[in-house]
Every structure is written in structure tokens, then in C-alpha cells.
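Participant: Before I ask anything, here is the structure I am working with.
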Amino acid sequence: MELIDSFGRRINYLRLSVTDRCNLRCSYCMPAEGVEKLAHGDILSYEDLFRIARAAVAIGIEKIRITGGEPLVRKGIVPFLARIAAIEGLRQLVLTTNGLLLPEMAADLRSAGVQRLNISLDSLRADTFRAITRIGELQRVLDGIAAADAAGFPPPKINMVVMRGVNDGEVADFARLTIDRPCTVRFIEYMPATRENNWQSLTVPGREILDRISASYELEPVEKGACAGPSRDFRIRGAAGTLGVITAVSGHFCGDCNRVRVTSTGMAKSCLFSDEGFDLRPFLETSDPIILQEALRRIVGVKPERHGMSACKAEHQAFSMAKIGG
């Protein structure tokens with residue numbers, strides 16, 4: 001079964017947030033004091049999240065990414081992931097994490113059926129990492145990556161949000177990681193999650209990122225897979241790994257968008273930058289799975305052709321990336 005939106009795009013990818021809480025305070029994601037924590041009763045139970053995931057797979061979703069906040073801070077996450085991994089028809093279960101809890105949890109996550117990890121890492125320099133995350137320790141993340149490798153995970157995808165004057169001087173350092181390691185590094189254009197002034201000054205366009213790398217290395221394009229995300233992928237000639245750029249600001253990828261999102265409060269969103277949301281809670285009050293499936297079809301049916309953000313403007317309401325799931 002295929003899930004097709006009104007613009008002919010095949011939707012096969014669900015980003016499912018399990019919590020708004022995080023053990024970091026990254027500057028591009030939330031204010032220094034953090035975000036107001038949602039009440040326990042506002043967060044969907046694991047049972048309801050499982051029902052949403054199962055309904056999504058039933059109508060054509062093949063890949064589920066578990067996000068937060070930081071998903072690993074929610075108690076009971078490992079048994080929940082094992083249930084998701086066992087859903088018949090699901091091809092990929094992946095998880096995005098900041099890596100801080102991987103030293104203790106990587107082996108259990110692998111045993112639960114998580115197939116791959118995306119790790120948010122914005123600097124390889126301890127002082128810069130602390131400045132961006134405000135409270136994070138770089139070595140913990142590096143230890144987490146090592147623990148994931150020891151647990152048998154494939155090489156991770158490392159996500160770097162590039163910010164001019166903050167960490168853009170490390171683009172070449174991150175690119176070099178892929179030469180000897182079969183990992184993937186994705187450079188993400190800085191995107192405004194709030195109505196901040198002069199955010200454009202922080203954005204390094206994807207073209208500039210690639211030009212910086214190309215100044216030292218020859219890049220070859222890499223073909224994308226069926227459930228791939230929005231990055232344009234390349235390989236340094238002869239390298240073991242790959243790199244990519246995600247250009248939400250300078251060159252939207254809406255024509256190839258294959259995803260929907262569900263927040264930890266049960267709001268379904270067909271676009272990260274859309275102000276529209278669809279509350280799934282009323283459809284969780286019945287035990288009839290068809291009703292929930294039709295609700296998910298409805299949000300796909302109103303998926304916009306493209307978002308309203310560009311390098312000149314950001315036509316969306318302020319939001320917390322931690323609450324919406326990225």
C-alpha cells in the first residue's frame with residue numbers, strides 16, 4: 001500500500017516524538033532556561049504512540065524515526081522501541097539522539113531492534129560544543145558513539161547544524177571524518193525556530209558548505225535510497241563514508257518530501273514549518289484502528305506543496321524544535 005499526497009509525493013516516513021524534554025539546551029533549539037515542560041497528562045502514553053505508529057505502517061509508512069526532545073530521557077523507552085520494531089511491515093526503525101546517554105543505553109537499544117542512530121553533534125571542539133549546547137560535555141557524546149559501535153550499530157549519521165561565526169570553521173573537519181570512517185555527516189543549514197532578528201546572518205548556504213569542501217576534496221554525487229531523508233548526498237572521492245547538505249533555507253526540498261510528523265502531544269504535522277496541526281487525540285479514544293488510519297490519511301491530504309521559509313523571511317509562528325521533534 002502506498003500513501004500519496006495531493007501533489008503526487010509518496011509519503012513513507014514518520015517522525016514520532018516521544019517527549020519534549022532534553023538534557024541539553026542547544027541555542028538553535030530552545031532558550032537557555034529551557035522550554036516550559038508539558039504536564040505529564042499532556043504527553044501521549046506509550047500505548048497511544050504505539051497505536052499511531054501501527055496505524056501509520058498500515059497505510060504505507062515504511063520508516064519511523066523516534067525523536068524528542070531527547071528520546072532517551074523518557075523512562076521506559078527501550079521496551080517501547082522493541083514494540084515498534086516488531087510492527088509487521090515496518091522496514092526501518094531509527095532514532096535521533098544527542099548521544100549523551102548512549103554509553104549506558106546503546107547495547108539495549110540495539111537489542112530492542114533500533115537499526116540505526118542519528119547523532120546530533122555540532123562541534124568537535126569541547127569549548128564550542130559547550131557554548132552551543134550550554135551544558136553538554138563533548139567527551140560523553142564521543143563515548144556514546146564508541147558505545148554504539150561496540151553494540152553493533154552501523155556507522156551513525158552525524159548531524160551538524162552549521163552556524164556562521166560559531167562552528168562553520170569546522171566544516172572541513174567534519175567532512176574529513178568520512179574519509180576513513182564509513183559514517184555519514186550531514187551539514188544542516190541553520191533554520192529559525194523562533195522569530196529571532198538577523199537569523200540570516202547565522203545561515204551558511206548549502207552551496208557555500210559544498211564549495212568549502214570542494215576546495216580541498218573532489219566530491220561525487222551519491223544516489224538516494226527509497227526512504228532517504230532530504231539531504232543531497234556526496235562522497236569525497238575514495239572516502240569510506242558520505243556527506244550531505246540539508247538546504248531547508250537556500251533551496252527547499254519540498255518536492256521530494258516524504259514525511260509527516262507527530263508530536264509527543266499527539267499533534268500531526270505534515271510540514272515542519274506549517275502552522276497547521278491536526279490533533280490525533282480524539283481518534284485515540286476509539287479502539288477502531290481504521291478511524292486512526294483515516295485521520296492520518298487526512299493530514300497527508302492537506303500537506304502543503306512547500307513551506308513558506310526562505311533566506312529572506314520565515315513565514316511561520318515561533319516554535320520549539322524540542323517540542324515539535326525537528
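Every residue, even glycine, has its Cβ placed from backbone N, Cα and C.
According to Swiss-Prot:
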- 6-220: domain 'Radical SAM core' (DOMAIN)
- Arg15, Arg65, Thr96, Lys157, Arg259, Val260, Arg261: GTP binding site (BINDING)
- Cys22, Cys26, Cys29: [4Fe-4S] cluster 1 binding site (BINDING)
- Tyr28, Gly69, Ser120, Met191: S-adenosyl-L-methionine binding site (BINDING)
- Cys254, Cys257, Cys271: [4Fe-4S] cluster 2 binding site (BINDING)
Participant: Looking at Cβ-Cβ distances, which residues of the chain lie under 8 angstroms from Lys157 (GTP binding site) while being 6 or more apart from it?
Facilitator: Arg116, Leu117, Asn118, Ile119, Cys183, Thr184, Val185, Arg186
Participant: Within 10 Å of the Cβ of Cys26 ([4Fe-4S] cluster 1 binding site), how many other Cβ atoms are there?
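Facilitator: Neighbour count, Cβ to Cβ under the 10 Å cut-off: 18.
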Participant: Near Ser120 (S-adenosyl-L-methionine binding site) in space, meaning Cα within 10 angstroms, which of the binding-site residues do we find among Cys22, Thr96, Cys254, Arg259?
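Facilitator: The binding-site residues passing the 10 Å Cα test are Thr96.
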Participant: Taking only the binding-site residues Arg15, Cys29, Met191, which one has a CA atom nearest to the CA atom of Cys257 ([4Fe-4S] cluster 2 binding site)?
Facilitator: Arg15
Participant: Is any of the binding-site residues Cys22, Cys26, Arg259, Val260, Arg261, Cys271 within 10 Å of Gly69 (S-adenosyl-L-methionine binding site) (Cα-Cα), and if so, which, in sequence order?
Facilitator: Cys22
Participant: Using the alpha carbons only, what distance in Å do you get between Cys271 ([4Fe-4S] cluster 2 binding site) and Arg261 (GTP binding site) once rounded?
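Facilitator: For Cys271 ([4Fe-4S] cluster 2 binding site) versus Arg261 (GTP binding site), the Cα atoms are 7 Å apart.
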Participant: Cα distance, Met191 (S-adenosyl-L-methionine binding site) to Cys254 ([4Fe-4S] cluster 2 binding site), nearest Å?
Facilitator: 15
Participant: From the Cα of Cys22 ([4Fe-4S] cluster 1 binding site) across to the Cα of Arg65 (GTP binding site), what is the distance in angstrom?
Facilitator: 17
Participant: Spatially, which candidate from the binding-site residues Arg15, Thr96, Arg259, Val260, Arg261 is nearest to Tyr28 (S-adenosyl-L-methionine binding site), comparing Cα atoms?
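Facilitator: Closest candidate to Tyr28 (S-adenosyl-L-methionine binding site), judged by Cα separation, is Thr96.
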Participant: Do you know offhand how many angstrom separate Met191 (S-adenosyl-L-methionine binding site) and Arg261 (GTP binding site) by C-alpha?
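Facilitator: One finds 17 Å between the Cα atoms of these residues.
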